[in-house]
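Encoded as structure tokens, here's the structure I'll be asking about.
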Amino acid sequence: MIRHALLIFSILVSTPIVGEGATSTYEPTDVFLFNCGDTSNNVDVSGRNWTAENQKILSSNLVNASFTAQASYQESGVSQIPYMTARIFRSEFTYSFPVTPGSNFLRLYFYPTRYGSQFNAVKSFFSVKVNGFTLLNNFSADLTVKASKPQTEFIIKEFIIPVYQTLNLTFTPSLDSLAFVNGIEIVSIPNRFYSKGGFDDVITNVGSSVDFHIENSTAFETVYRLNVGGKTVGDSGMFRRWVSDDEIILSESSGISPIVPDIKINYTEKTPSYVAPDDVYATSRSMGNADHPEQNLNFNLTWLFTVDAGFSYLVRLHFCETLSEVNKEGQRVFSIFIENQTATLEMDVFRMSGGSWIPMYLDYTVIAGSGSGRRHDLRLDLHPLVSINPKYYDAILNGVEILKMNDPDGNLAGPNPDPLVSPDLIPNRATPRIRKNKSHILPITLAVVGSLVVLAMFVVGVLVIMKKKKKSKPSTNSSWCPLPHGTDSTNTKPAKSLPADLCRRFSIFEIKSATNDFEDKLIIGVGGFGSVYKGQIDGGATLVAVKRLEITSNQGAKEFETELEMLSKLRHVHLVSLIGYCDEDNEMVLVYEYMPHGTLKDHLFRRDKTSDPPLSWKRRLEICIGAARGLQYLHTGAKYTIIHRDIKTTNILLDENFVTKVSDFGLSRVGPTSASQTHVSTVVKGTFGYLDPEYYRRQVLTEKSDVYSFGVVLLEVLCCRPIRMQSVPPEQADLIRWVKSNYRRGTVDQIIDSDLSADITSTSLEKFCEIAVRCVQDRGMERPPMNDVVWALEFALQLHETAKKKNDNVESLDLMPSGEVGTTTDGEDDLFSRTTGHVGKSTTTDDSVLVVGDERSGSSWGVFSEINEPKAR
């Protein structure tokens, strides 16, 4: 169930807010409400005073950069103030607000409609910045409103901005567009209100043993603020709106909202009255089933929050024990899970708060998603903790706040959402509605509706008949189809080598036969796309891997189509081969060649170390070389550069002969298509830990992003440990930093996989580490192309085999395609380079010499790829 975050701040301003939280005592030092484009002060329906813009806050280029206009039409539910007037910007325009130093709520009000003949806000795209923070980038208020659920006509964007003297708010129209705003609200908030932590002054970093610290200079965007189990309420201090969670909670596990008699919330110094109003702490959602509490063990209380992937989020949970039957510790205890990770194992509200009707709140931080899509469903689950044998198998929650934190570049902007329905099916809000005579409209409407009903009944009848015929004669044959789909062929004979632009189209009957109707015991892998089954086709003659799209998959049909199109046109010994696909009966299935030896990760992190032997150093090098050649082909062997975007150990497969196959092309992207392009700009997708930091920061994608991910794989191959670990000293927690640190000190041999200590040779290790560390440089321009990576890995293998044969102990060697060897420096990349001159004159610390192809005349060069003489594509 996907609900867009926009519903939170699209509350009808015309509806009076109930339950104002009378006990709120915070009085903000600054409260500004500006009705943009208006020339006089006005009062809105809730009694708040909005002032007209004045010269003190307006930019000096007022006349040239902007103009004001009135909305041509007022939709039902849209209030007069502040939405019926707007300031519209032709060019960059800045408001300057003198405010008291500290953090402030900044709320921007937008009503995308037509404003006279001069401006249609539906076509408006613009950016908004405040004091160095990017709040919105190429923002479309119209697309944002259309994607809201439930549908609204306007949107309020709320931010929290640290201000030291002046709040400078800048609107910048996108190319060939105009910017606009209807209202601006600024409200100061208590010192460190969202940065100090929960009532216990702690911010739990989900998935880490180290608590999180939020700097006072951090900016936030409010994404959700929920009154769990209750109705929409407000508070008088900071004018926040707490929205019902009915649209967010999963319907199948919605629990109950207990009705509690009038109670008094006992606020404390740790949880003062301005944290949340009475109505939030007096209402809640619990699991219920008092007569059969054991049923609560079969499900969770679950909320799904649709957010922008790739950002860090502050999740604030509000609790208050209001059930009179819970009157001592240990009676209602539950666990909190965020993003399927344990946030709090043992949550006892009565014990932690100090008793009944005493509110408390806890703060957590989490990174949402893996950059694999524009949107991500951040998941919150509550489940009874059985291990301590509580009196009630139950859980409770009163309120939720979710705030997005700015990234290292000061960015809070996410991409524009896709509309939930086709724009052609949405009434055009940009055109004022013409009020016609109702006496003419009614008979026309009845006639149209009647015709549509008859037509719909006819279509349904035809579909039912066709479905019955289809069931009586099921399709059992596959066909070969070009992409996009063409006329089916009756040829079902499997081909040894598929044409580059063809793949086999299976019937759902064949797929179910191949997998025993998707039998669970045949599952050999699970990923973001869905489950992968081991199957047999063509009467058991061919083993295949069958990847089935799950309905709840975050990746979905777009990635299905991407992988189908990519792999149907790409053929390489080190790319997994696509045999075919199926898209019948609402199923999306891809069929690949079967990889008996599974993934590289399976062999690095062996489950049964007694029966599964470790990979030798030679085997690891061969696997890495195969994967590198596959990437090299993607980057330089096709018509255009193809960027994989999700290179990791689980996407490197091994066949029966341990030949490497790069897999999973659902996130792949075609790179620059002309010489004038150096990159493509795109939403960040990939897997954290493997994600190129430069790509993450700038959203600029090049083939060097794949190089970074592959470098992380090389480090895993070398050290055989996860990218991030918690049960180690802080300096060892991050694999990349840990290896770089040891690389600088010359102690990499002390952190390699213990299974390699007696197998790996020093010269091979040095060359391998050199190229691996170069791959994971922070700046893309400092990383090598895949041509160089392949060459270096092949050289590392040659050094290993030579040393094994001759039993030499060469301490140092470097080789460059130019025939020159670099001199020693203190930089990371040159730690192992201690030789000078031609490669034929390499000297080592023990005076032994290894001559490898002096002046490229030796035969040893034959073991390397032809990329020693790289040619332009």
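Each residue, glycine too, has its Cβ placed from N, Cα and C.
What Swiss-Prot records for Asp646 is active site, proton acceptor. Residues or ranges marked as compositional bias 'Polar residues' in Swiss-Prot: 833-843. The domain 'Protein kinase' feature in Swiss-Prot is assigned to 518-803; the stated evidence is sequence analysis. Look at Swiss-Prot and you will find Asn49, Asn64, Asn138, Asn168, Asn216, Asn266, Asn300, Asn340, Asn437 tagged as N-linked glycosylation site. The region 'Disordered' annotation in Swiss-Prot covers 472-494, 813-843. Feature annotation from Swiss-Prot assigns signal peptide to 1-21; the stated evidence is sequence analysis. The topological domain 'Extracellular' annotation in Swiss-Prot covers 22-445. Summarising the annotation, Swiss-Prot assigns transmembrane segment to 446-466 and lists sequence analysis as the type of evidence.
If you look at the structure here, what lies around each of the features I listed?
Asp646 (active site, proton acceptor) is surrounded by 27 other CB atoms, counting those within 10 A of its CB over all protein chains shown.
According to DSSP, Asn49 (N-linked glycosylation site) is assigned to a strand segment.
Taking a C-beta cut-off of under 8 Å and a sequence gap of six or more, Asn64 (N-linked glycosylation site) has these contacts in its own chain: Arg90, Ser91. In the three-state DSSP reading, Asn64 (N-linked glycosylation site) counts as helix.
Taking Cβ-Cβ distances under 8 Å and a sequence gap of 6 or more within the same chain, the neighbours of Asn138 (N-linked glycosylation site) are Phe125, Phe126, Ser127, Ser174, Asn416. In the three-state DSSP classification, Asn138 (N-linked glycosylation site) falls within a strand.
Other Cβ atoms within 10 Å of the Cβ of Asn168 (N-linked glycosylation site) number 15 in total over all chains.
Take the CB of Asn216 (N-linked glycosylation site) and look out to 10 A: across all protein chains shown you find 11 other CB atoms.
When secondary structure is read from DSSP and collapsed to three states, Asn266 (N-linked glycosylation site) falls in the coil class.
A coil conformation is recorded for Asn300 (N-linked glycosylation site) in the three-state DSSP classification, outside any helix or strand.
DSSP assigns Asn340 (N-linked glycosylation site) to coil in the three-state reduction, outside any helix or strand.
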I want to check the contact list for Asn340 (N-linked glycosylation site): same chain, sequence separation of six or more, C-beta distance under 8 angstroms. What comes out?
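Spatial neighbours, sequence-distant, of Asn340 (N-linked glycosylation site): Arg379, Asp381.
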Rounded to an integer, what is the Cα-Cα distance in Å between Asn216 (N-linked glycosylation site) and Asp646 (active site, proton acceptor)?
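Rounded to a whole number, the Cα-Cα distance is 35 Å.
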Nearest to Asn300 (N-linked glycosylation site) by Cα, among Asn49, Asn168, Asn266, Asp646 (recorded positions)?
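Checking each of Asn49, Asn168, Asn266, Asp646 against Asn300 (N-linked glycosylation site), the shortest Cα distance is to Asn266.
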In the structure shown, which of the glycosylation sites Asn49, Asn266, Asn300 has the fewest Cβ neighbours within 10 Å?
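Per-residue Cβ counts within 10 Å for the glycosylation sites Asn49, Asn266, Asn300 bottom out at Asn49.
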C-alpha of Asn49 (N-linked glycosylation site) to C-alpha of Asn168 (N-linked glycosylation site): distance in Å?
22
Reduce the DSSP letter at Asp646 (active site, proton acceptor) to three states and note it down.
coil
